[in-house]
Every structure is written in C-alpha cells, then in structure tokens.
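See below for the structure under consideration.
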C-alpha cells in the first residue's frame with residue numbers, strides 16, 4: 001500500500017512538473033532580431049533585412065507598433081492571481097534632423113485597438129480624451145526624449161512608469177548604476193547606441209523594477225526605477241505585450257534589436273553576437289550656406305553637374321541590379337503563374353534540406369524557403385508519375401494562381417524540373433491548425449478564434465465553389481491544410497493541383513465508390529473539420545471507447561441524448577464559450593456530413609447559417 005501511495009505521489013509530481021513546463025513553453029520567447037518572430041505590426045513599423053525592428057523612421061507624426069502574436073495569460077489558472085513576469089529588450093533611438101522625438105514604450109494592453117490614439121507625446125497609445133482613463137487598463141514603461149510640461153515630464157531624457165495614460169506615476173532621468181564605481185551614470189536615450197532594458201514584476205511583493213544599461217554592460221545590481229504597484233486591477237487575464245513609438249514635429253528612428261519575455265521564471269538571456277546591427281546613422285545637417293557671392297558661381301555650377309551625373313549613374317546601377325534580380329528569379333510568366341528557376345528554389349530551401357521541412361503529405365512535401373532577407377516562402381514538392389499528369393498539373397496551376405481571396409493561401413508561382421513540380425506559396429507564420437487542435441505544446445485556441453476560423457474556411461470554400469470563373473474543388477479539407485496567420489485568421493491551402501487524398505474519417509461515402517471529388521465531398525469534409533475544431537479531437541481515434549471512436553457518431557449521440565454542448569473541447573474555459581455558437585457549428589457540421597450528397601447544404605447556405613442570416617432546419621440533423 002505504501003508503494004502504491006509513493007507511485008501516486010511520484011505521478012502527481014511528474015504531472016505537475018510537465019504541466020509547468022508546458023505552460024512555460026507557451027509563455028516564453030527569445031528573439032535575436034525579428035525576421036521569423038511572430039509579431040503583429042501596425043502603422044510605420046517594419047522589419048529590416050538585417051532583422052531589426054523599426055517602429056518609426058524620421059518622418060513626422062508617425063505611429064509604429066509591434067506586439068507579440070498571441071495574448072499572454074497573466075493570471076495563474078489555479079488561483080486566478082496575477083503572476084510574476086520578467087522581460088528584457090534592446091532598443092536604440094537615432095534622432096532625425098534637429099532634436100529627437102518623441103520616444104517609445106513597452107506596453108501591456110488587453111486590446112490592440114488603439115484607434116484615435118495620437119502620435120507625439122501620446123506615443124500612439126492615448127489621446128486627449130482617454131488619457132488617464134482607468135478603463136484603458138494599460139501599463140507602459142516609456143522612454144521619452146521630449147519634455148512635455150503639460151504632462152509633468154521632468155526632462156527630455158527620462159524613463160517613466162505609466163498607468164492608463166502618459167502622465168507617469170513614477171519617472172526619473174535615464175541613467176544606470178555602475179557596480180564598479182558604485183554610482184549612477186547618465187545615459188542618453190537618443191544617442192543612436194543600443195541600450196538594454198530589464199522590466200521585472202514580482203507579483204508576491206507587488207514590485208515593479210526597471211533597469212537600464214548600455215548593451216555591452218552587465219545588468220546593474222540596482223534598478224533605475226522601483227515602484228510598489230499592485231497590477232491586479234490593471235492587468236486582466238490575457239494581454240498583448242509589445243512596443244509602441246511615435247514622432248511629432250521632431251523625429252527619431254526607434255529600433256528594437258532583440259526581445260526576451262517570460263511568465264514566471266527568468267527571461268532568457270541574449271547572445272549579443274546574434275543581435276542584428278543598426279543601420280548607419282543619418283549624416284549631420286550641414287550648416288546653412290552663406291549668401292551666394294559671384295566668385296562661387298562657377299564652383300556651384302560644377303558641383304551641381306557632378307551631383308546630377310552621380311545621381312543618374314547611381315539610378316542606372318540600381319535599375320540594372322533590379323532587372324538582373326528579376327530575370328534571375330523568374331524565367332517567364334504563363335497565364336498568371338510565375339515560373340521560378342530551379343536554382344532559385346533550391347537555393348531558397350537550402351537544397352531542400354531536412355531542417356527546412358515543414359511537413360509531408362500524400363501529395364508532396366512542404367519546405368520553408370527564403371527568396372530574399374524579408375521574403376519567406378513555403379515550397380511544395382510534388383513528384384509526377386506520368387507526363388500527362390505533369391501537363392495537367394501545370395494547366396491547373398495557371399488557374400489556381402489567379403484565385404485571390406483573404407482566406408486562401410496565395411500561390412506565387414511554380415518551378416518544373418524533370419518529373420517534379422515545385423509550388424511556391426506565401427509562408428503563413430502560425431502554420432497549420434492541427435498543431436493547435438491536437439497538441440498540448442501551443443496555447444489553447446479561444447472560442448472566439450475557433451468560430452472566426454470556421455467562418456474563414458467556409459468563406460474560402462464558397463469562393464472556390466462559386467465565386468471563380470470555373471469552380472475549383474479542394475479535395476482535401478482538413479486541419480493540416482488550414483494555416484493560421486499572425487492574427488489567427490484561417491488561410492485554406494493546398495487546394496487544387498491533384499491533392500485528392502482525403503484523410504480517414506473525412507471521406508464522403510460516395511467518394512469511396514466513385515473516386516470523384518465534388519463540391520458536395522468538400523462540404524462533407526468541411527463538416528467533419530468544424531466538428532474537430534469545436535471538439536478538439538480527431539475524426540477517428542481508435543484508442544477511445546467504441547462509441548467514441550468516430551467523432552461524427554459521437555456528436556450525433558450528443559444530439560440524441562441532449563448533451564451536445566458537452567462535446568465541446570474541455571480545454572476551452574467556460575466563461576469564454578458562446579453556447580449558441582457552439583451548438584450552431586455542431587448542428588451545421590451534422591448537416592454537412594449527411595449520407596446523401598443531395599441533402600448536404602451548399603457552402604453559400606452554410607455561410608448564411610454561420611453568419612446568422614438563415615436559420616437551421618428544425619432538429620433535422622440525422623446523418
């Protein structure tokens with residue numbers, strides 16, 4: 001008996017341990033540069049080929065923002081108490097002509113809706129109406145390079161802690177503590193040099209610490225700002241974390257080179273050698289010229305001619321370079337599908353190296369590739385068995401390349417060599433839906449995201465079936481062929497080009513007999529897929545009890561027993577569920593998987609059901 005108790009205790013410890021590890025994996029990240037980071041960018045923000053994030057350039061009255069692609073859970077799921085969090089990042093502010101402005105902020109916000117926010121002193125987060133409003137629920141740490149007296153700024157080079165507005169509750173001039181000399185040393189924020197920041201919140205002690213240092217210095221023992229602060233009334237269950245910067249009539253380029261974040265534990269440290277380099281600073285302004293005098297006339301004309309000639313030569317060189325790049329990357333265009341050279345595709349994927357492999361399916365393998373420093377692609381490699389198959393596939397590619405819709409993955413072009421075809425797609429950053437549904441390594445999808453994904457897939461299929469010149473059949477509607485972008489919108493991929501290999505559990509009955517895919521077989525597969533999305537399980541799970549092996553039969557039993565709502569994924573928090581939408585989707589799914597293809601709704605009707613513009617037939621869900 002004692003041994004039994006010991007075994008149980010050990011098992012519990014291991015479960016708790018792996019639960020913590022899993023949670024930590026979901027809420028911890030480290031970015032050396034941002035080329036492959038999962039960021040939601042807006043305004044003037046962009047990622048440069050070197051990997052650094054530019055929030056604003058030196059144009060006036062800009063707002064640039066970049067947030068982590070997923071909201072972060074800040075409450076302990078067991079106690080609902082706020083958790084501790086550390087973050088560290090490296091930034092640089094390069095002033096434009098004249099004085100620098102206005103600054104950047106690290107931000108924790110429940111929403112990414114900053115509509116109406118002003119640039120300049122308001123840092124793209126607030127405006128004159130909502131500044132200081134407790135309903136904002138925003139925490140920011142600002143790095144301000146302009147003194148706004150009306151906002152109680154202490155100087156034009158300070159760090160401040162902001163709650164719900166840009167009037168800081170705590171601020172001080174930018175400096176760092178030198179451990180060797182045991183004194184504070186001034187630090188110019190807009191020096192153009194990289195500065196490292198540590199922001200740490202201890203939930204137990206309700207203490208927020210902010211520490212600064214030059215990039216080449218270790219973390220100081222003493223923080224710059226230390227504020228007793230209970231954030232439980234500010235930070236809600238899930239929040240977005242990221243950066244916001246703004247310019248006004250005075251400007252700066254605001255850069256972020258690296259970012260580390262963690263819930264609980266310790267934020268991962270940077271390897272400084274892996275951080276991207278900053279662009280060269282702008283040359284200083286020349287002093288105003290003296291009034292022209294006659295002896296300078298010939299010299300000025302000569303200089304003007306030299307400048308014009310140099311500009312023309314430079315322009316010709318740039319155009320030549322672009323032309324060479326264009327013709328090297330593309331051989332020709334055939335009916336809308338761009339044809340890439342095999343050398344270009346092979347180089348982009350590292351010779352189809354296994355480290356670039358994204359996944360494999362019945363119809364081909366997918367590889368990640370990089371055409372240019374900021375152009376990431378996905379390449380599908382297909383082997384054709386006959387010349388006729390290859391010819392038919394190329395003809396279909398031309399048609400597919402013309403199909404554009406917000407919920408479909410874009411096909412950029414293709415490459416043909418020997419008996420192989422390579423399809424070049426846009427790369428969708430969050431990859432496939434099945435990773436989120438059937439794995440515990442990623443955050444659990446909220447119901448609001450699942451419902452949006454379902455409607456997105458329906459919209460994509462409706463476009464393929466009825467909104468193109470010639471209807472296109474997908475033939476393989478399943479979770480691994482649905483990709484998610486940075487905002488978790490659905491992007492249906494791998495449509496057309498002979499991908500007629502439906503997965504077990506998704507196959508319509510008539511497809512088994514005829515082998516012919518139709519709009520109705522797509523509808524059947526869609527019905528199974530949306531039940532997977534709601535229930536968080538696969539269509540066929542042989543290890544379950546006999547009555548639960550088939551998802552469709554299990555859901556149908558839920559209808560008959562009056563327990564349909566209990567079929568929903570248990571991992572979704574009940575308070576985030578919309579019961580009416582869950583029931584709507586499951587009942588729509590059952591309509592889509594009816595045995596007779598004539599009894600299944602068209603995708604147009606399915607969209608009307610999901611959008612609430614058409615009522616479901618009354619209790620008519622028997623498959």
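Cβ atoms are placed via backbone N, Cα and C, with glycine included.
Taken from Swiss-Prot, the feature ATP binding site applies to 358, 359, 360, 361, 362, 363, 364, 365, 366, 380, supported by sequence analysis. The domain 'Protein kinase' feature in Swiss-Prot is assigned to 352-616. Feature annotation from Swiss-Prot assigns N-linked glycosylation site to 57, 78, 127, 184, 202, 209, 230, 298; the stated evidence is sequence analysis. Per Swiss-Prot, the feature topological domain 'Extracellular' maps to 24-303; the stated evidence is sequence analysis.
Shown on the structure are the features that Swiss-Prot records.
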{"residue": "57", "record": "N-linked glycosylation site", "Cβ within 10 Å": "18"}
{"residue": "78", "record": "N-linked glycosylation site", "Cβ within 10 Å": "7"}
{"residue": "127", "record": "N-linked glycosylation site", "Cβ within 10 Å": "13"}
{"residue": "202", "record": "N-linked glycosylation site", "Cβ within 10 Å": "13"}
{"residue": "209", "record": "N-linked glycosylation site", "Cβ within 10 Å": "17"}
{"residue": "230", "record": "N-linked glycosylation site", "Cβ within 10 Å": "11"}
{"residue": "358", "record": "ATP binding site", "Cβ within 10 Å": "15"}
{"residue": "360", "record": "ATP binding site", "Cβ within 10 Å": "10"}
{"residue": "364", "record": "ATP binding site", "Cβ within 10 Å": "21"}
{"residue": "366", "record": "ATP binding site", "Cβ within 10 Å": "23"}
Integer Å distance between the CA atoms belonging to residue 127 (N-linked glycosylation site) and residue 358 (ATP binding site): 44
Cβ neighbours of residue 184 (N-linked glycosylation site) where a neighbour is any other Cβ within 10 Å: 15
Spatially closest candidate among 57, 78, 360, 364, the listed recorded positions, to residue 184 (N-linked glycosylation site) (Cα to Cα): 57
From 57, 202, 230, 360, 364, 366, the recorded positions whose CA lies within 10 Å of that of residue 209 (N-linked glycosylation site): 202
Of the recorded positions listed as 78, 202, 364, 366, the one whose CA lies nearest the CA of residue 230 (N-linked glycosylation site): 202
Candidate nearest residue 57 (N-linked glycosylation site) in space, where candidates are the binding-site residues 360, 364, 366 and distance is Cα-Cα: 366
Distance, residue 127 (N-linked glycosylation site) to residue 364 (ATP binding site) (CA atoms, angstrom): 52
Cα separation, residue 78 (N-linked glycosylation site) to residue 360 (ATP binding site) (Å, whole number): 38
Candidates 78, 202, 366 (recorded positions) - the one closest to residue 127 (N-linked glycosylation site) by CA: 202
